[in-house]
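As written in TrEMBL, here are the features:
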type: SIGNAL; residues: 1-25; note: signal peptide
type: DOMAIN; residues: 42-130; note: domain 'Ig-like'
type: DOMAIN; residues: 144-231; note: domain 'Ig-like'
type: REGION; residues: 238-272; note: region 'Disordered'
type: COMPBIAS; residues: 241-250; note: compositional bias 'Polar residues'
type: COMPBIAS; residues: 260-272; note: compositional bias 'Polar residues'
type: DOMAIN; residues: 262-349; note: domain 'Ig-like'
type: DOMAIN; residues: 354-443; note: domain 'Ig-like'
type: DOMAIN; residues: 454-536; note: domain 'Ig-like'
type: DOMAIN; residues: 540-629; note: domain 'Ig-like'
type: DOMAIN; residues: 645-740; note: domain 'Fibronectin type-III'
type: REGION; residues: 732-751; note: region 'Disordered'
type: DOMAIN; residues: 745-838; note: domain 'Fibronectin type-III'
type: DOMAIN; residues: 843-947; note: domain 'Fibronectin type-III'
type: DOMAIN; residues: 948-1047; note: domain 'Fibronectin type-III'
type: TRANSMEM; residues: 1060-1081; note: transmembrane segment
Amino acid sequence: MLAQGGPWALSVISLVLLLWQEVSAIDVPLDSKIQQDLKQPPTIMKQSLKDYIVDPRDNIIIECEAKGNPVPTFSWRRNGKFFNVGKDPRVTMRKRSGTLEISFRSGGRPEDYEGEYQCFASNIFGTALTNKILLRVSKSPLWPKEVLEPVVVGEGSPLVLACNPPPGLPPPLTFWMDSAMMPITQDKRVSMGLNGDLYFSNVLAKDSHTDYSCNARFLFTHTIQQKNPFTLKVQTKEPYNDTSSVNSTDPYGGRKVAETTPNFLSPTGTDSSRMVMRGEKLKLECIASGVPTPSIKWFKKGGDLNQKVKLDNFNKTLRIDSVSEEDAGEYMCMANNQIGSIRHSIYVQVKAAPYWLDQPSNLVLAPDENGRLVCRANGNPKPHIQWLVNGGPIDSNSTLPNPSRTVAGDTIMFRSVQIGSSAVYQCNASNDHGYLLANAFISILDMAPRMLGPKNQLIKVIENNRTFLDCPYFGSPLPELRWFKNGQGSGLDGGHYRVYINGTLEIKRARAEDQGTYTCVANNILGTEENQVRLEVKEPTRIVRAPEHQSAIRGTMARFDCRVKSDLTLPITVTWLKDDKPLSLGSRLKKDEDSLSIHNVHEGDEGTYTCTVKTEIDQDTASARLTVSEDASLSSVLPTDRPDSPMDLELSDAKERNIRLTWIHGDDHNSPVTLFVVQFEEDRWESGKWQNLSSYPGDVNTVILELSPFVNYQFRVIAVNSVGQSLPSLPSQRYQTSGAPPDAIPRGLKGWGTKKNNMEISWEPLLDTERNGPNLHYSVWWRRKDTGEEWSNVTTVGAKHIVHDTETYVPYEIKLRAVNDFGLGGESNIIIGYSGEDKPTAPPTDLRVSKIDSTKVNVHWTPVDPSTVLGEFKEYRVYYWREGSMVKGLRVNKEKKTKGFYSTVAQPTGILTDLQPYSHYRIYMVVANNRYEGPPSNHVEFRTKEGVPEAPKFFKIIQRSTDVIHLEWDKPLEPNGILIGYKLNYQTVNGSRVGLMQMQSFLPNVTTYTLHLPERAIRYKFYLAALTQVGAGEVYAEESPHFTNEAYSKDQVDIATQGWFIGLMCAIALIILILLIVCFIKRSRGGKYPVREKKDLPLDAVDQKGEDGSFDYQSH
């Protein structure tokens, strides 16, 4: 397009760019009401891959998801022509979606639907497009039937066993196995080539086998097909004895085999060439024959092999996982043995499909604002950039006359946009090797001001605290916001108030007079909106009489004070803790309004007691320790108590900065005073508040007090012994020190930007006792570092100053001093501050990956120019997520994760770890400063390699009889690859003794196994692991139950524990007891016991006592 206008067009474009003044795009908040009312063109949210291969056994689903307001409608093109979805009974489109589903339940061939598809999502504001999706059906043809004659070859000769797998889509993976499903052992002499063939550099007699089988694994259908096995017969000049003892350095067992010079089996000839795409994996192969087996070495013409180069397959394969332009050139492989050497040159050419440097992003503008869309891409050859609008060429689109739009190569500039200019623009970057397509809409938004926060909030704050009143708002054009108090006066900003760009009002130190109703008003050309915030300023909650350390005698009562002063309108809650744990109150521990009483104290009450006073907006705490001593009756120590207050305080020897204080000790009550605490109160800054000044040993009564200038002091003294503190003494007379310039230098000086064009200089204000005089203020100097410019200066009473209209993130020298009416204080050291940060303008480029493993990958990128960070460089931040698993049907968690890399080198690299094997990942990178992230880099997709699987989901051992063990298991939750089977190891166990390990292998569809026990008493321990091509996974171990012991206990029942036996024994015992009683009665009947054995005469009804003292019993 530029070529048509010649130099005149170039001059015009240069002038436009020179005079261009861009307004930053509007950031639309995520407020649900605004999003609901926001009218926007369509945005493609999800689409199928460009090269889309599907499984013929499943329904075909071609994804096309888009959002917009109004909701988009969808249409499709197939092979460049309109595709009428409604006329094909097999094709349906999902509701509120463009996703197509092609069903074959009622017949039909998936191959009939192969072709190129493109989805269009449209609403009244424009049309967005998907990529052109090439749909192909996966193919896994059967291996052609063939009869393979035995391969006969002489010992020492080279050999190639051809695999020639059937051509599949995508191509299958090949590997060689024997009849036991074990991989063919590969080494320096025997290895598989990149084409799947099995190469023997030289054949040994031990290679004679009948089961060399090539296997092809088709990823989409998850099938493995096996070629008919080769039979290899190796002819030797002498008989081969595989049991003979042979020197390991002579693989021919003493037989004479002719030595030969190396010769390349693959590739052939002296040179060859390869073309590879940037970002793809490059594999170069050199396999040579010869006796002895040749060694392979690799070189690159013009330099050494770089760190990206890896050598696999016993140095026969050179691999570069992610090729870049610098990897092009001439590579040489050399095969050599002791007989000779041979070389082969491979010329590598690197091309590149287009990749993003700057992908266009959506643009929301207000009427009369300016903006631009930028689309930059690179490739080899350099891509051609083409702009489209709503799916059609931008130059031929007569339905959208737009004089405010200018196309300049890879940039579209918009000036003074108007309602009705909304559209979706497509950038197509293409070359001979591929294309990129990106949608980016421009939406013209006009919206009256809206308040986003809650209405009529009530905010309660504590007096003298920093306070923020929020007023989030939005509108387009961006509204002007002002604050008012009680509906009167001009807008609040400056001095005691500060208004932030997000609408928040800061009150630097809330006072009682700040209480009231605050109104924030936002207005633009479309209207006005307001909201109110009610502010209530409360007195702080303080413990005015705190608990004091004390010692109590066991059995007496202890009392801790906790008197509180708080705002009368705020309910308070007083809680007590003992040793930081909640205190359980009861009959011994009682709490009243101002204290805690502990009756009948014992050793368990010893500890630290904390009083916590809370309101809904603040709290205060105080602690004291209780020490419990022995009962006075058991001790020779006299009763102790707190000391009396010191008395008769006297000031003398007054000087400018010190004075002598003298006092008389009070009674110590049998516990010596260990400490005197001197407190002071001044009536200028915090009248009535007593503060600790210093402490002194308990054996002194006169001290020199060091004082600050310009303070009107009075003093009091507190005595401390092992029981506790005395009451404070009566105050001394007042003493006022004279004023002086500030001694202290303000601490915490720093400079940091809160906006991209300012710098806030702040510091910690001096303490009241450091003022040294009236009218304290601060003198601040600043200047740009290393420019030689003059110092700028301002004097302020606050603790910060904002420097406006700065450049973004530039260093400043800053210094500070305090000043009062008596003069200048000391000057601080010069510190370095920085103006504000802005969003980084450039993304990292050429993001790529290498060394892709099963769980980690190396990440490389081209760093940004430090000047584009627009702030302090913090890190390069990688965003990555798992798109899916290559195991069909396995659902994955697509949670986005981040990892930061701090690197300032020219060729940075980092390692992403903890990846899931055999998965499809997507990543992109941004550069970050302390406040913002920059635009994203190009997205990179990669697939992790197969790994070993997790343990099987479950493993059960079921023993239903004495001679059979039945095993069941299920496939792992994360197979981490294509399962090729399971391996079961097991051995007998008998206490600490174990038997020989035995092994069974199973195909991947087998999940049960039955083991017949040779003997009833045998127990086994089983070790089960799933297999992928990489190897065995995590082992699931189980031990068979003690079945024999259980069977024995069932056969040999302990009869003493059986219910029927216990009942029988009880019945027998009862019968015996009855018989004994009957016998006893009969023996006693008709006679006197124990003297007379028999009495024939009948007895009277009343028992009579005989002469010998016995009794007669009447029997009825």
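Heads up, the Cβ atoms here are built off N, Cα and C, so glycines get one too.
Comparing 454-536, 843-947, 948-1047 for CB pairs under 8 angstroms to the domain 'Ig-like' (262-349), the maximum falls on 843-947. With a cut-off of 8 Å on Cβ pairs spaced 6 or more residues apart, the domain 'Ig-like' (144-231) and the domain 'Ig-like' (42-130) reach 3 or more such pairs and are scored as touching. Confidence for the domain 'Ig-like' (354-443), expressed as mean pLDDT, is 88. Spatially, the domain 'Fibronectin type-III' (843-947) is not adjacent to the domain 'Ig-like' (454-536); fewer than three Cβ-Cβ distances between them are under 8 Å for residues at least 6 apart in sequence.
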